[in-house]
Amino acid sequence: MRTVRDLEVEERRVLVRVDYNVPLEGGRVVDDTRIRATLPTLQWLLERRARIILCSHLGRPKGQVREELRLAPVAATLSGLLGQPVRSVRDIVGPEAQEMARRLQPGEVGMLENLRFDPREEQNDAEFAAALAALADCYVNDAFGAAHRAHASVVAVARLLPSAAGFLMEREVQALERVLRSDERPFVLVLGGAKVSDKIGVIENLLPRADALLLGGGMANTFLRARGLETGRSLVEEEKVPEAQRILDLAAARGVRVELPRDVVVAPTMSAVSQRRIVPVTAIPPDQAVYDIGPETVRAYSAVIAGARLLVWNGPMGVYEVPEFREGTKGIAEAVAGCSGFTLVGGGDSAAALQELGLAERVGHLSTGGGATLEYLEGRELPGVAVLMEEA
């Protein structure tokens, strides 16, 4: 894959696609992780006095201008992190954007408006891509989180300019390739989250090489049901129970150790946190639902994690948005951070737990991609990565 090191960038206009799809509250950025992740690329370009034109999407405006999804607050946050002005325009490819691109001096940074305000972005529209390309001399994609989208700023524009990956994109692909290609053993797969359907592809692609599969979150209930256990009022994908059984059979045939929760935290409802209690999985009351894994499960999983040479963790062990149901996820986060092997953690709640505990620096790679990371682990080709591997 071509990287930014392969481009002539000195004093040139560089269109940089970033993934600044960050949470905003009251017009302020509340989590700048994705912005910080692009700083190595931007600082490298600024050292070479490039004229940087940033473009990103934010939220799902569906081709309409929505005031609360403008990128000005993101530009302000980036400005503080870079220690220099970031000029944001309220335009994507129109006169204001063209004027900003023309006036940019070497070592300056500008930011286009939210790409998804224009419906042509998500259509991978050739005309829109040409208008973006006309603003710059070359293109850098540092938006791994959007690499699974065949959109104009991800795919079409990369074919119109000398193009390459930024350092974040490079790091993401290298980490994921290591997981997919490495023969380091034991290889442990830790999967959580609500739905089996979201993780089936990952399990099917990685199970043939895994030594252990540890399951938590709502998806574990579907596997417990496949093992013939009662799960009370818990979230279960009934139509996926046969699929879960097939995976359990496949794992058994391949000698893969599958660990399901041994004890769980139950409550009558998600909001009835004061009534929560820990029960063995064999004794889930019919009027209660599972909202987290229990301490015995955390200990058992932690012992398996400690011996891993290669580990992938994606998805929380419980309902992470409710503080009382975070303990299982936190316990797994501590175990993963303590693992001496190479650890790759998919974003979302898994990453949030590591950051909350101050352990983010202790994992091998903390991915910024949500859907993109899952699709890569499924063995699928990502359009935004594939285009950077095409012959120039």
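Using N, Cα and C of the backbone, Cβ positions are placed for all residues, glycine too.
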Same-site residue for substrate (record: Swiss-Prot; known: Asp19, Tyr20, Asn21, Arg34, His57, Leu58, Gly59, Arg60, Arg149; options: Arg90, Arg116, Arg181): Arg116
Residue among Glu177, Glu321, Glu324, Glu375 sharing the ATP site, where Swiss-Prot lists Lys199, Gly347, Gly348, Asp349, Ser350 as binders: Glu321
Other CB atoms, at most 10 A from the CB of Gly347 (ATP binding site): 20
Residue with minimal Cβ packing [other Cβ atoms within 10 Å] among the binding-site residues Gly59, Gly348: Gly59
Rounded Cα-Cα span from His57 (substrate binding site) to Glu321 (ATP binding site), Å: 25
Densest Cβ neighbourhood among Asn21, Ser350 (binding-site residues), 10 Å radius: Ser350
Set of same-chain residues at least 6 away whose C-beta sits under 8 angstroms from His57 (substrate binding site): Asp19, Asn21, Asn114, Leu115, Arg116, Glu121, Ala146, His151, Ser153
